Amino acid sequence: MEAGNHTEVSEFLLLGLSEDPELQPLLFGVLLSMYLVTVLGNVLIILTIISDSHLHTPMYFFLSNLSFVDIGFTSTTVPKMLVNIQAQRKDISYIGCFTQVYFFMIFALLDCFLLTVMAYDRFVAICHPLHYTVIMNPRLCGLLILMCWFIIFWVSLLHILLLRQLTFCIGTEIPHFFCELAQVLKLACSDTLINNIAMYVATALLGVFPFTGILFSYTRIVSSITKISSAGGKCKAFSTCGSHLSSVSLLYGTGLGVYFSSAVTNSSHKSSIASVMYTVVTPMLNPFIYSLRNRDVKGALGRLLC
């Protein structure tokens, strides 16, 4: 069967956050400001880490990758939403929608994977400090990043190939501000059993396992910290994990909030508004979390700006 026969539509309609014309200028201004802050903040974090040799350590190597992923994460959804608001349009092309699904999955999963790798880094630093430089060597750090990209690239590609086999009816409206896999599957006219199975398996393997890894790492970290006799040593050990814990809480907290809000309410509009928290707000706050809570980053950022 040819690819052209898999669908009867050339575009989808994104309903966005609000259909009220009076709210569109306000939404445009707020979202544009948040997007610019996100990009600028994460670019500054990356430049700061690159420019300061004192920050050329595994922890900041992973942080620079997280900042890059956050830029990609928010750039996948926000620019198209801004264009639609400004042009007073709701359409997104068939290829554009699938491209958005693909890159959204990549960057969302990379966020989870990188936070897991960063938790492992903190586990080694606190529980095995004497062997930290040997274990977290540059080769292992690079291998961990490449492994994350490799796994997520192929998993996301599998979802897109399965999505291409579905048939969509004319006049398809997506009750969201971007093309999310679960929302697109609901609009298919053909059987989505295989797609749903693949989505649930991927969620279990690539969502639950990283979170379990983070919990395991911090269980061991807390156990090691409680064995430290001095109060100053305990505070120093906890302070090295504070920024990472804040990012983990923000990402998983907002993600679970969206999940439960969509479970208890049938309103897709409310669910899409809640999705702004983890797609826009979380990437915007991460640079502040790591710069305001970290003395080394603040010092290097000050030297960069001066």
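Indices start at 1 and increase along the chain as displayed.
Every residue, even glycine, has its Cβ placed from backbone N, Cα and C.
Feature annotations, reproduced from TrEMBL:
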DOMAIN    41-290  domain 'G-protein coupled receptors family 1 profile'
TRANSMEM  26-47  transmembrane segment
TRANSMEM  59-78  transmembrane segment
TRANSMEM  98-120  transmembrane segment
TRANSMEM  140-162  transmembrane segment
TRANSMEM  197-216  transmembrane segment
TRANSMEM  237-260  transmembrane segment
TRANSMEM  272-292  transmembrane segment
Counting only pairs at least 6 apart in sequence, do the transmembrane segment (26-47) and the transmembrane segment (197-216) share 3+ Cβ pairs under 8 Å?
no
To the transmembrane segment (272-292), which of 59-78, 140-162, 197-216 is linked by the most Cβ pairs under 8 Å?
59-78
Per-residue pLDDT averaged over the domain 'G-protein coupled receptors family 1 profile' (41-290) comes to what?
86
